[in-house]
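Okay, so here's the structure we're looking at.
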Amino acid sequence: MEFSWGSGQESRRLLLLLLLLSAWEAGNGQLHYSVSEEAKHGTFVGRIAQDLGLELAELVPRLFRVASKGRGGLLEVNLQNGILFVNSRIDREELCRRSAECSIHLEVIVDRPLQVFHVDVEVRDINDNPPVFPATQKNLSIAESRPLDSRFPLEGASDADIGENALLTYRLSPNEYFSLEKPSDDELVKGLGLILRKSLDREEAPEIFLVLTATDGGKPELTGTVQLLITVLDANDNAPAFDRTIYKVRLLENVPNGTLVIKLNASDLDEGLNGDIIYSFSNDISPNVKSKFHIDPITGQIIVKGYIDFEESKSYEIIVEGIDKGQLPLSGHCRVIVEVEDNNDNVPDLEFKSLSLPIREDAPLGTVIALISVSDKDMGVNGLVTCSLTSHVPFKLVSTFKNYYSLVLDSALDRESVSAYELVVTARDGGSPSLWATASVSVEVADVNDNAPAFAQPEYTVFVKENNPPGCHIFTVSAWDADAQENALVSYSLVERRVGERALSSYVSVHAESGKVYALQPLDHEELELLQFQVTARDAGVPPLGSNVTLQVFVLDENDNAPALLAHRAGGTGGAVSELVPWSVGVDHVVAKVRAVDADSGYNAWLSYELQPGTGGARIPFRVGLYTGEISTTRALDETDAPRHRLLVLVKDHGEPALTATATVLVSLVESGQAPKASSRALVGAVGPDAALVDVNVYLIIAICAVSSLLVLTLLLYTALRCSAPPTEGACAPGKPTLVCSSAVGSWSYSQQRRPRVCSGEGPPKTDLMAFSPSLPDSRDREDELQTTEESFAKPRQPNPDWRYSASLRAGMHSSVHLEEAGILRAGPGGPDQQWPTVSSATPEPEAGEVSPPVGAGVNSNSWTFKYGPGNPKQSGPGELPDKFIIPGSPAIISIRQEPANSQIDKSDFITFGKKEETKKKKKKKKGNKTQEKKEKGNSTTDNSDQ
């Protein structure tokens, strides 16, 4: 054969066409090989690994394997060189019977990732089977009266091969009576017969021996023979004849037994017994046909007597002969072709080829989970199978190859929502009614650490009494993780920071597994009121996830500090205070004031004063204010009173149990002409206006100098602390001593170790500077007042009832407070907040300075809030100082008191916020009212209480 190439352009087109065909087959995922049947073991078939595009080194790691349907082991792959070879004997006739096409279908499966390739190996036929006749000898009885050209059917030979190897040619041994009629193209293979060419003469030749030879088309040719023994009969001249020589019938599979297939009819021109016909199956039909069908010998009806299955056989060929009853019976023949029609009687078959389980919850979309193979033995629409999946699941089925589906991930997974899926795959054919089959698979979702531990709330408030034993359990934190196994194993730890000069871990610890929080040392309310820190919960996943929770531990106060006496300004030996009192003083004259502080808070720091009875039961003309500590006279003094008195004042707090301290005051009675101590509260004798003015100026200068000095000192100290403080958040340190505020109606005692003691992790505490200016007339007004003896009082201004102390001012207040209504403790996210109502009355108490105690024990005075209700405090006269003013930047209130001669000064408290309106109002007073106001001042000796 010669090939003549045209132009170069045609060559390129042909080459491009071949490349496109190769690429199409490669993309289709199929390979085609061919091998001859009966090939020896080890015969080379093809380089399958190379043709699939796989490297030899990855065959074993990717679990390269070959699977075939039905018959395994015929072909195998050498994993060392990737060659497909013959492993065992291949017999095409056994494998495919007489099918025109015979292939071995292989499935090549590799993992990581999962891939499936289809390989078809065509089995080529070789001429290894000779033609075979049903019998080696056939006997024929032919009447001598048969006319010429009579036809006598013969059973042809069969060849197990196909194609040209099964293409048979027949030849008859030479004779003068018969010739061989070969089948034409439009007839079936078995249309072979003898044609009578010369009349028979029984007397001349009673028997005729012929040999029929069948030769196939293979190379080399193979032959088969059958001996024909023809017996010449005498008499009956007419044989039965059927209406048609070939009948074709369609029959549904699965029809019940007794179903009529066809009714045959044959006729015989003879009469009598020679014309009676008996129907029967030819002896040449297979036993399988005889087991499926039955023919009635009289009527010629063929009925079903066995199970007809389309999948077993698609058609049946039945040879029927009609024989008359003549002495020399004659026969006629016909063929019945029964074509079986398919019925949808087979359910689809499902099989999971490969599973990749469990699947991670973070698997990307499109991940292949399983490979599903479906098949149906029916044909046509009845064998067309479609698959469906359970609805409302994050998976879908994707058709990959013919009768193959891939189960892939369609949407994101969340193990915390659904940890496993029960999937049901339904395969349904296209028949009517449709048949279906199901297969289920459980898909477990593997956990991924995608959930951090979560606390029930972002922060907790814990209350712990001070002086707790070391190692006591104060709280338990608990976090929950929605993940599983190690990803849900939660451990707890502290977020380390510094509290003052010490590490947080020296105060508290947390158990890593249980989350229990322990106090490692006794807590001191006076040192640390609030300890704020964070606890971290972290799981054991990779990478680990964590979250924090804030704990606010409030240290509750206990009465563990006794009242402490403050040194008197005049001093006294042995802790005793000495006072000189004129004999001429009247009732309620203030002799001295006992000052005490308590480091505790609330009721534990609320102090009361009691005067111990004198020795021998003698009555003494003095009393002490229950809450003010002021010692005053109960009556006018006379000669019966002792000139010296030793007073014992018991200072007691309101804790449980109460703690006490005792102060000693030595009172000496002197004549009016003797000068009393400067510390005395009362001035004896009448002092003129000039002397009073001098005293006022002296006290004013002292106060201004003290305030200025304290302000400068506070600013310097604050600057030094800010510069030297370590850059730690939430540091706490003991504060500096504070001052004491006192008046005739009560005493406010402040801890000597106080600073804002609330520790948190949000930054250093803020410093609130609040300036309270005393309501004093300016220098110009004072000069005008020195030139006149008339004084005027301005109208009293009421403080703002909504005013509150600042945070730094409240943090330093730890003493008894002049209040009469109950306080309310409210616990919020930032800690307890106590509000104390105001004093509702400014009437002097029956006993100097006594007030009703606040309701509720254990209240933290650091969070007291003072309200000043409506009242009528008296305005300070000219040259007088207000009772109190507050040093900026300090929680202390300074008491400055000036008493005119023979009278008791008014006790009015003034708190202003930088406003200097009092002096302006004094200028606007009319001079006509000065005389009347002076008279009212002289007659008024009543003290007003703080509002």
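Placement of Cβ uses the backbone N, Cα and C atoms for every residue, glycine included.
Database features (Swiss-Prot):
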TOPO_DOM  30-697  topological domain 'Extracellular'
CARBOHYD  Asn139  N-linked glycosylation site
CARBOHYD  Asn257  N-linked glycosylation site
CARBOHYD  Asn265  N-linked glycosylation site
CARBOHYD  Asn548  N-linked glycosylation site
TOPO_DOM  719-947  topological domain 'Cytoplasmic'
REPEAT    734-737  repeat 'PXXP 1'
REGION    734-891  region '6 X 4 AA repeats of P-X-X-P'
REPEAT    796-799  repeat 'PXXP 3'
REPEAT    829-832  repeat 'PXXP 4'
REPEAT    870-873  repeat 'PXXP 5'
REPEAT    888-891  repeat 'PXXP 6'
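In three-state terms derived from DSSP, Asn139 (N-linked glycosylation site) belongs to an extended strand segment. Taken residue by residue with DSSP, Asn257 (N-linked glycosylation site) is part of neither helix nor strand, so it is coil. One residue stands out among the glycosylation sites Asn139, Asn257, Asn548 for having the most other Cβ atoms within 10 Å of its Cβ: Asn548. Cα separation, Asn139 (N-linked glycosylation site) to Asn257 (N-linked glycosylation site), rounded: 34 Å.
This prediction places the mean pLDDT of the topological domain 'Cytoplasmic' (719-947) at 39.
For the pair formed by Asn265 (N-linked glycosylation site) and Asn548 (N-linked glycosylation site), distance between Cα atoms is given as 100 Å, rounded to the nearest Å. Around the Cβ of Asn265 (N-linked glycosylation site), the number of neighbouring Cβ atoms within 10 Å comes to 14. The distance from the Cα of Asn257 (N-linked glycosylation site) to the Cα of Asn548 (N-linked glycosylation site) comes to 82 Å. In the three-state DSSP reading, Asn548 (N-linked glycosylation site) counts as strand.
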